[in-house]
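Over in TrEMBL, the protein carries these features:
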- B:7-29: transmembrane segment (TRANSMEM)
- B:49-78: transmembrane segment (TRANSMEM)
- B:90-113: transmembrane segment (TRANSMEM)
- B:140-158: transmembrane segment (TRANSMEM)
- B:179-205: transmembrane segment (TRANSMEM)
- B:211-230: transmembrane segment (TRANSMEM)
- B:237-258: transmembrane segment (TRANSMEM)
- B:264-282: transmembrane segment (TRANSMEM)
Amino acid sequence: MKSPSTLKYMLAASAISLGFSNGALAQDTVKIGSVLSVTGPSSFLGEPEDKTLRIYVDQINAAGGVAGKKIELVIYDDGGDANKARTFATRLIEDDEVIAMVGGTSTGSTMAMVPVFEDAQVPFISLAGAIEVVDPVRKFVFKTPHTDKMACEKIFEDLKKRNLTKIGMISGTDGFGASMRAQCVKVAPNYGMQIVIDETYGPRDSDMTAQLTKIKNTAGLQAVVNPGFGQGPAIVTRNYAQLGMTGTPFYQSHGVASKSFIDLAGAAAEGVRLPAAALLVGDKLPESDPQKKVVTEYKKTYESATKQPVSTFGGHAYDGLFILVEAMKRANSTDPKKIRDEIEKTKGFVGTGGIVTMSATDHLGLDLSAFRMLEIKGGDWNLAESGS
Amino acid sequence: MAEFLQFLISGLTVGAVYALVALGFTLIYNASGVVNFAQGEFVMLGGMVTVFVSAAGVPLPLAALIAVCVAVVIGLLLHRFAIEPARGASAVTLIIITIGASILLRGIAQIVFDKQFHKLPSFSGDTPVDIFGAAVQPQSFWVLGGAAVVVLGLYAFLERTVLGKAVLATAANRLAARLVGINTTTIMALAFGGSAAIGAIAGILVTPITLTSYDVGTLLALKGFAAAMLGGMGNPLGAVVGGLLIGLLEAFGAGYLSSTYKDAFAFLVILVVLFAAPQGLFGRRAVERV
């Protein structure tokens, strides 16, 4: 049996050595935080984000880190729960003392965390879709994914080129579908679009033929737009073909921009158009395209590391991480406020989602060119020739 | 007319699935007095197991058979290890156990399978059949036909076989059934296995139309439960009528009224019916014998 004094001595020694190693670590590492929905209903978004961050932080560290400092990544899983997200955000700020945050899988989680980062004055690059994240502009909050408003504008732009103005809408009643529907209704007049019929379906519905029959029988209908997410749009697409409506141009949203949509909708997906990031058609981009190199490299890295097909969601995390890393390099400092200033000065950053140029009034920095209009042909994405 | 037919057929197809789920509820409720909220998970298992087994190269009919067997085994395990040990507990406790089982099964499916949506090929092609101007997927006939076969089979089993009569006897009065020599524990196990099989069949038939994923069972259980309540809990005929009625209400609600309020419309009708007849359309009034 050890005497109490020996034990005390050992404890003291280990405490000293721990303290010492911590001190040594703190000098050449910086902490970047992340709260993602790796599990739960949004896991198909959070999982690729989580993998992307881990792959690239390892890669950056292997190459010597940022400005001589290694990055220590602290990731928490909120399970899709906004309350948990907020708790983890506070922990990142108070316990982990991160210098910046790349995360916030859903709009709900992001909005719950925004006040924490605003108060602590730590930059927060969100991976959530809705425009509310950066409108109105908050000093420390940025985001990388395209907004649903841009998707509507891109679709309407394409419709205008095809001289189609009378559209029917069938939208999911989930958060994504409802928000995009509202944005589309708002911007439709700017493009001379007239919504002649406006239908919805529940996110878990298994049959949309009733709504589509109504749309089909609407006089003057020229095209149909389906803002939605998950399996709903796949069923809508199948019902659309079932009812023999394929003569009418059909538009999906960027919410279905993953290979599984084509698999699920099958032959019915032929001819469907949708706006999506360049990442999906990396191999089909012309060599001259500025994004070609970034998207093909990201796709290769991600797919070889995870053995899973790449998704745009992981791409948002890639963009967020590298916007931050570049800003840290320029700032050459670990002061969150200086890093924030540099993030805002991001100019011509080529990411998977588009070319990002931020400003004091624009914390997203993407324009409509970030979206490509795709058409599904032969079971694969193809760049649609505009106006055809 | 074409419009009406379109709504009718899509309503019947969706309703047939609700009816099968409701039948599963009914069978277990009759044998044990438990409302089994893991019923939706049997539907999910039917679809998901078929998808993954057939993806591994097994022909579709065999994969479907395996899926039904897997569901039955899980149904029996659920009875043996979750319901049977809590035999003496109140119905509410047993219902809570089934909710727990449902969450557990969903979680396991999420790990064993994945979190993506999956589909099965339609059994007889995707070319829509034209019925007086209404475009109908061939799979709809499979769903309707399959549901009819299950319902008739169940009816024949309950009315024409000794074992089926034992189930009915247990449903009517468990104590009396035990007194005449029926092993009510076996009957309960049979009910769990049987309703797991019915759920799995529903899942297999409907997956080519609705797609499937690990959490597809939640909503189906809810709708099936509503159907069983509407028809009268414990009455197989009521379960079928209730299921079809809810499917039709949804389709006609979406078609003629507003798609935004179609669920609200369906549930409003259910509420009105239950106000007028709390025992459901075909339910017997519960009588306390003193």
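Any Cβ shown, glycine's included, is placed from N, Cα and C.
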Positions whose Cβ lies under 8 angstroms from the transmembrane segment (B:179-205), at least six residues beyond its ends: 17, 20-21, 23-25, 27-28, 30-32, 36, 39-50, 64, 67-68, 70-72, 74-76, 78-80, 83-84, 120, 139, 142-143, 146-147, 150, 154, 163, 166-167, 169-170, 212, 216
Cβ contacts under 8 Å made by the transmembrane segment (B:237-258) with residues that lie 6+ beyond its boundaries: 3, 6-8, 10-23, 25-26, 147, 151, 223-224, 226-231, 265-266, 269-270, 280-283
Selection from B:7-29, B:90-113, B:140-158, B:211-230, B:264-282, the stretch that has most Cβ pairs under 8 A to the transmembrane segment (B:49-78): B:90-113
Stretch of maximal Cβ-Cβ contact with the transmembrane segment (B:264-282) [cut-off: under 8 Å; candidates B:7-29, B:90-113, B:140-158, B:211-230]: B:211-230
